[in-house]
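Report on the structure given below.
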C-alpha cells in the first residue's frame, strides 16, 4: 500500500475486504438498532448544539440515526470502498464543512505510544485515550465523527473478528502493514487498545449510559477490598493497557463473537499480564508493567508498617487477586506480638517505700522520674512461673486497663524489670485503705459520712455490673481512700466477666467475713448478688467500726449469720434446701435481730441508723439472691435523700499516711481468707500479710 495521509483508513478498508472474503462479518442492522438509539441522539445534540435535530446528512440526503438502513454502497467514481458504520458521518460537499473547523489527524505510533497534536494534548487523559475515528471525504480533508463512543466500539468489533478469525492463516502485523515511515498503522491503535474494553462492556452496555464514566475512588484498583463482596462484578474498572500487552492478554482468553450474545469466558490472565520475563512485553508495555508492579510494592510496603520486621507479604503477582477475592489475604494476622516489648522499664521509677505485700503482689510507693508523679507500683508474683503468667494478675490487668471510672482505681501502664519475672502495674497512688483508716479512728463514721462513702462504692459496683464484671472480693481492705475524700475499688485479682445465661463458677471466692450465704452453702450458680451482700457487710462495718459477721470458719460464719438474721427456710429462701450445704443442721432462730445492732436512737453510744437506712441494710443482706437489691436500686434508695444528707468529699476527715515502719509493726484484725491460707501453705510462708490482700 502506498504511504500517505489516507493510509490508516485504507488499511481499514483492506481489512474490511478481507473480512467479506472469509465471510466472518456478523454485523446486522438489528444489532445496532437494539442498542439504545436514544443514547446516540443525546450524544449528537450535545456535540452539534442541536443544529441537526437528531438527523445527519449522508450522500446528499438526511435520515435519522435510529432508522435501520444498510450501509451505503460504493460509488463507481470513487476508487475505494465507502462503507460507513452507523456511527460515522459522510461529508457531502465542500460547502457542507465550510462552517466547521477541520480536525487534526493523529500521528503514527512509536513503540506503542500515539503522538497527538497540541490541541489534543490539552484534553483530559480520559479523552486522549478515547479518540474518535477519522473520516475522509473525496477532497482528502478530514472530519470527526459525531458519536465517537459508538464508532470506536463498532470498529473494535470488526477488528476483533479480523484478528481472531484470521490469526491462524494471516499474522496480525502482516495484515495491518506498516505505512509511512515505518510506524504502526492507526487502525492498530483503535482496535487493540479498545477491543478488550468492548468485550467486557458489551453485555453491560445495554443497561448503562453510553458515555464515559467519571473515575472515582470506588473504581480505583486500590479500593478497599474489605468492603467488596465475593460475587460483586465491577465492569467499570479500567486501566491503560499498551497494544502489545493487550494482544498478549487477548491470546489467553477464550472469546466468542461480540455479536453472538454469549457471555465471554476468561481464562487466568494473571500469569500473562504480570509476567515480565515472557519475552512478549516490550517498549511501553514493559514500562506499564513496571509502574503497575511498583504501585503494588508501594501499597504493600505501606501495609508492611503494621507487621514486625522480617514478615513476608504475599507475592506481588497475587496482590490484585487477593484484593478481589479474599480480603483476609492482605489482612490476616501473621504476627505474634509480645505486649511487654513496648513497656517501659521499672528503672524509670524511683522507689520511695513499700506500701504493703498482699496475697497477689507487693505494692511500692514510687516516683516517676519522667514526670515526677507519685504512683503506686504493684509487683506481680511469679512464683509459679512453670504454669505461666498468673491468671489472677492477667484478669486484673485486662479489666483495669479497660475501665475508667472515678470509683475504680486507675492502672496507668505496665512496666517490666530486668527479666521476664519482674512485671509491675503502675496505679494511681492512694494514701489509705478503708480498713486501716477505720482502725485508726477513735469514733465510727457518722451517717452522713457513711452515705458519702456508700454512694461512691455503689457507683463503682454499678459500673462493674453494667459491664458484666463480678468483683468477687469486695472488702474494706480493697477500698482505697485519699485525702480528698475519694473512695476507689482496687484488687481485681478474683474478678471475672460473667454472661447470660450464668455458668457455674467456683464458690471459693470473697473473703470469709464478706462472703454471701449462697457461697458458704456451696452454690456455684451465682451472679451480682454476691457483691451486693459484701456491700451490706461493708455498710454495717462502717456504721459499727467492726466486722458484722466475723466467723472463724465457714460453719462458724453461717452460724453467726443465722443467729443475727434468722434461720432461712423454703418460704424465706426458695431453693435453700437444694443447696449442698443445707444438710448441716443449725440452731433454729426465728427472729431477725439485726435491728438490735443498729438502733434508731441510741442512749448507750451504739451505732444509730434510721428506718430508711435499716431498710437499705436489710435489703442488702437478704437471703434470697433473686430478691437482693441491685446497685442501681440502692443508689436510688430514699436513705440517701433524707437528713442528714451525704457529706461532701471535701469535708471528709483526713488522716496522715502511714510510713513503712508503721505499716510493718501495726497489727490488723484480719478475716481468715481460704485462698490466702492455701497460697501460704503452697509457698511454705507463714509470715504476716498486709492490707492489699
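Glycine is no exception: its Cβ is also placed from the backbone N, Cα and C atoms.
Quick caveat, the model's predicted, so the values are computed rather than measured.
Features reported for this protein in Swiss-Prot:
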type	residues	note
COMPBIAS	1-10	compositional bias 'Gly residues'
REGION	1-148	region 'Disordered'
COMPBIAS	13-24	compositional bias 'Basic and acidic residues'
COMPBIAS	26-39	compositional bias 'Basic residues'
COMPBIAS	40-54	compositional bias 'Basic and acidic residues'
COMPBIAS	75-87	compositional bias 'Basic and acidic residues'
COMPBIAS	97-122	compositional bias 'Basic and acidic residues'
REGION	236-308	region 'Disordered'
COMPBIAS	268-284	compositional bias 'Low complexity'
COMPBIAS	287-304	compositional bias 'Basic and acidic residues'
DOMAIN	349-640	domain 'Protein kinase'
BINDING	355, 356, 357, 358, 359, 360, 361, 362, 363, 378	ATP binding site
MOD_RES	359	phosphothreonine
MOD_RES	360	phosphotyrosine
ACT_SITE	473	active site, proton acceptor
MOD_RES	506	phosphothreonine
REGION	664-693	region 'Disordered'
(message) Considering every residue in the domain 'Protein kinase' (349-640), what is the mean pLDDT value?
(response) 88
(message) Given a separation of at least six residues and a C-beta threshold under 8 Å, show me what packs close to residue 506 (phosphothreonine) in the same chain.
(response) 524
(message) Excluding near sequence neighbours, so keeping only residues 6 or more apart in the same chain, what lies with its CB under 8 A of the residue listed as 'active site, proton acceptor'?
(response) 491, 493, 494, 495, 509, 510, 511
